[in-house]
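Written out below as structure tokens is the structure these notes cover.
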Amino acid sequence: MAKEKYDRSKPHVNIGTIGHVDHGKTTLTAAITTVLARRLPSAVNQPKDYASIDAAPEERERGITINTAHVEYETAKRHYAHIDAPGHADYVKNMITGAAQMDGAILVVASTDGPMPQTREHILLSRQVGVKHLIVFMNKVDLVDDEELLELVEMEIRDLLSEYDFPGDDLPVIQGSALKALEGDSKYEDIIMELMDTVDEYIPEPERDTDKPLLLPVEDVFSITGRGTVASGRIDRGIVKVNDEIEIVGIKEEIQKAVVTGVEMFRKQLDEGLAGDNVGVLLRGIQRDEIERGQVIAKPGSINPHTKFKGEVYILTKEEGGRHTPFFNNYRPQFYFRTTDVTGSIELPAGTEMVMPGDNVTIDVELIHPIAVEQGTTFSIREGGRTVGSGMVTEIEA
């Protein structure tokens, strides 16, 4: 019998497992793929065992090595891409670099332990990098005889989530055992199916990139005699059409306005360019020296130039090619946003004297030129052209 072909009509959602080491994230990932393969067999739903997920391949994202396992599966309603990272450092890097863009996550907490230090850290990181929807899976309930103890652990988790501005009282908490489900215990398999129903219902469908406001980072600029100035780059999000009014934002204090008079891709004229396309846009009324690499072309009013922001950053270790020594307050590296480097100074949090290679920390940054940034914009920190850190804007300050 022919395998059914990949069904693009199902909404696609990115999720992941987060939580403290050894609380069962990878076992749960294996259980989800295995139970779905048993209950909803399809070409997509293939069982993955613990070992294959745990042997996550190394990837490089903006100069940083990260181990990440990607599995896919589907429910009756949706297609999921699921990210699981084996080590704690891999999670931190994944989230801060934006390598793992999760629409929602399953927070795994062992009922035998309750919340632990990394549970807290992963909740904080989720809050910082904009993962808005968490579902709790209390794992290993088969090892706890005392019903009251389970209630206490659940209360503790809910309080912790509320502390970081998640709706701790209202978000779903599912109690089960990933290992028992993996072993084929039907009671615990049912709970995995209940978990997936909850993920279907509770984590909203993400807004498609093409529905977001236009953002096109300018990579190159040239002029075509008799026609005007062309800016080229890859459309980050949104759509650009001929006759659109746009704004040119960043590097300079003032925002310039222009009208798109042509869109082309691979030297062919288009009516519109979509998120992901590499395009050249012809701009009316803009001189060759009025637009430069590092600026962005954006939907009017959608993004502004800023010089001050808070960021959550990960600093590379020496082994990853980063610094060999710590840095201190007023460290002045380059911040690489999309297509350009801008010098900026770093202010450390009160009470933090220095930042060591391998640390993650919240910093205040002040750039020497304004750049088009918003909450969620990612950046690299560089010194003399080599990457020494990676970060994400968590709050705009000026």
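Yeah, the Cβs are placed from backbone N, Cα and C, and that goes for glycine too.
Among the ranges 44-47, 84-87, 156-159, the one that Swiss-Prot lists as region 'G3' is 84-87. When the alpha carbons of Val141 (GTP binding site) and Thr26 (Mg(2+) binding site) are compared, the span between them is 17 angstrom. For the region 'G2' (63-67), the list of distant contacts is 56-57, 85-87, 90, 93-94, 97, 99, 314, 316, 320-321, 380, 386-387, 390: same-chain residues at least six beyond its ends, Cβ to Cβ under 8 Å. Long-range contacts of the region 'G1' (19-26) within the same chain, counting only residues at least 6 positions beyond its ends with a Cβ under 8 Å from a Cβ of the stretch, are 50, 53-54, 69, 84, 86-88, 107-110, 113, 115-119, 122, 139-140, 178-179.
Look at the region 'G3' (84-87): DSSP puts its residues at 0 helix, 1 strand, 3 coil.
Under the three-state DSSP scheme, Lys25 (GTP binding site) falls in the helix class.
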